[in-house]
Amino acid sequence: MRSDIVKKGYQRAPHRSLLRATGLKDEDFNKPFIGIANSYIDIIPGHFFLNRYAQIIKEEIRAAGGVPFEFNTIGVDDGIAMGHSGMLYSLPSRELIADSIETMMNAHSLDAMICIPNCDKIVPGMLMGALRVNVPTIFVSGGPMKAGKLEDGTILDLNSAFEAVGAFAEGKISEKRLHEIECNACPGGGSCSGMFTANSMNTLCEAMGVALPGNGTILALSKEREELLRKAARRIVEIALDERKTEQFRFRNILNKKAVHNAFVVDMAMGGSTNTILHMLAIAKEAEVDFNLDSINAIASQVAHIAKIAPALSTIHMEDINRAGGVSAVMNEVAKRNASLGSHSADSILYLDALTITGETLGERIANAQIVDSSVIRHNENAYSPVGGLKILYGNLAREGAVLKVAAVAESMKEFEGSAVCFNSQEEAIKGIAGGKVKAGNVVVIRYEGPKGGPGMQEMLTPTSLIMGMGLGESVALITDGRFSGATRGGCIGHISPEAAEGGLIALIEDGDKIAISVSKGTLELLVDSKIIESRRTQWKPIKKEIKSKWLKRYSLLVSNAANGAVLKTEI
């Protein structure tokens with residue numbers, strides 16, 4: 001066992017002495033040491049109950065013949081950090097989480113791991129850390145929240161609360177109605193109930209085979225979720241007790257090129273958050289898998305969008321997907337669609353021979369999964385769209401790419417030309433939009449919010465929700481080198497690369513410039529004569545924000561742009 005380096009031999013008597021102080025007995029030194037990477041945090045609705053989950057897992061590990069050691073990571077609640085300087089820390093927290101997983105697991109030479117994430121950056125951070133450690137690892141998330149509901153039957157989620165702010169500002173709803181939405185949008189524990197970033201990433205863990213079936217959709221705080229925890233605990237001990245299985249199920253043997261590909265396929269079929277692109281690119285880099293934005297468009301062109309979930313469809317949430325057959329049913333349906341991409345089976349775009357943590361191939365896992373409700377998960381022949389729910393755009397404004405969640409865009413916005421209204425920060429944009437600077441026919445430009453320029457690549461849910469709440473969602477577009485919450489909907493294009501801080505063309509846009517967006521062509525263009533652009537470039541001086549935080553200053557110096565997953569460079 002890997003842990004023998006800290007528990008075997010006369011030279012390790014001091015190490016065992018310390019371990020005995022924690023309650024270990026003689027017999028425990030012959031058992032596998034299992035790390036439990038928890039993310040229990042009181043302030044996050046998807047995490048405040050995870051201490052109970054860890055207890056269940058620890059009990060089951062002990063009963064199965066292992067020794068559990070729990071440790072914790074940090075986490076940022078993007079909803080609470082939204083719209084103020086707290087959001088600067090959200091994306092950087094992903095790197096801290098990855099580093100902490102690597103540090104704890106390798107410093108103590110633990111044999112295997114269970115990760116308990118749930119929200120936002122915590123899932124990708126743990127995935128990146130697990131790839132570095134490369135021991136058998138199972139992901140079992142906290143689970144999604146139930147959707148909220150008003151007395152009149154209106155279905156709610158967190159996005160409802162954000163958009164209600166814009167509606168209230170415009171006088172479209174009363175203060176009483178705003179309060180009712182506030183009090184009912186998030187009815188209890190769990191990751192926010194739509195196909196936002198947390199649930200998108202938890203779903204992709206199923207697609208990659210690193211989690212058990214149901215990980216992305218079984219509700220938080222349910223008996224079914226508790227059983228999932230127990231199954232994960234029993235399975236990880238079974239693997240850790242067997243030397244052959246320990247080698248077979250090393251994390252990189254599961255999360256490999258096939259797994260990354262399968263994740264993007266499911267992402268397209270379910271219209272996941274645009275953040276998944278950023279995170280999966282970072283995960284691919286950790287896995288040493290060659291994957292780029294062009295690869296994503298190639299997949300999107302061959303995957304039908306068969307599950308539309310909030311924010312794209314406000315009445316459908318993760319509990320509905322679970323009831324309708326879950327992620328396995330989505331994958332089974334996707335697998336039926338003929339496609340030919342790469343070297344995998346010619347009759348499926350999914351790599352059905354990909355290994356999963358249960359020991360089955362992906363094909364074996366999903367073979368018997370069926371769509372129970374085709375109004376929630378559609379069949380291929382009745383898909384919402386013949387192509388995937390996310391699209392990479394290119395053009396003079398995005399030479400290295402930009403991301404659009406096509407699944408949440410109205411038809412009227414898929415071919416759009418408008419005049420620019422420019423803001424050099426999210427804070428400026430929020431004031432400008434709320435103050436009436438943005439009108440129908442405008443393209444809101446929010447720049448210097450990329451990974452370097454922000455720093456930290458803030459999410460833009462507050463400005464996008466204001467636009468929607470003010471009734472401008474089908475007449476105003478928004479482009480940014482920042483990113484969006486998974487709850488964002490509308491003609492919102494993010495991750496523009498190169499970003500303003502590195503001299504991207506977005507930095508040279510002026511108020512009134514015409515900008516053209518074409519989903520059919522996959523383009524994002526500034527319609528300004530090249531000579532004028534060059535003249536502006538000679539006069540351009542980058543806006544350098546004062547960064548007081550030592551951590552954010554280091555992050556700004558080391559981070560790559562969004563097209564490269566916003567990962568930290570290891571060489572300067």
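Just so you know, glycine gets a Cβ as well, placed from its N, Cα and C.
Pulled from Swiss-Prot, these are the features on record:
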{"type": "ACT_SITE", "residues": "Ser485", "note": "active site, proton acceptor"}
{"type": "BINDING", "residues": "Asp78, Asp120, Lys121, Glu459", "note": "Mg(2+) binding site"}
{"type": "BINDING", "residues": "Cys119, Cys192", "note": "[2Fe-2S] cluster binding site"}
{"type": "MOD_RES", "residues": "Lys121", "note": "N6-carboxylysine"}
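The Mg(2+) site is defined by Asp78, Asp120, Lys121, Glu459, and by the 8 Å test on Cβ atoms against their centroid, the other residues of the chain that qualify are Val76, Asp77, Ala81, Met87, Ser90, Leu91, Cys119, Thr197, Asn275, Ser485.
For the recorded site, Asp78 (Mg(2+) binding site), the DSSP three-state label reads helix. The recorded positions listed here (Asp78, Glu459, Ser485) include Asp78 as those with a Cα within 10 A of the Cα of Cys119 ([2Fe-2S] cluster binding site). Non-local neighbourhood of Asp78 (Mg(2+) binding site): Met87, Ser90, Cys119, Asp120, Lys121, Thr197, Glu459, Leu461, Ser485, each in the same chain, at least six residues away, with C-beta under 8 Å from its C-beta. Highest local Cβ density among the binding-site residues Cys119, Cys192 belongs to Cys192, counted as other Cβ atoms within 10 Å over all protein chains shown. Reduced to three states, the DSSP call for Ser485 (active site, proton acceptor) is coil.
Other C-beta atoms found within 10 angstroms of the C-beta of Lys121 (Mg(2+) binding site) number 27, with every protein chain shown included. Reduced to three states, the DSSP call for Lys121 (Mg(2+) binding site) is coil. In the three-state DSSP assignment, the secondary structure recorded for Glu459 (Mg(2+) binding site) is strand.
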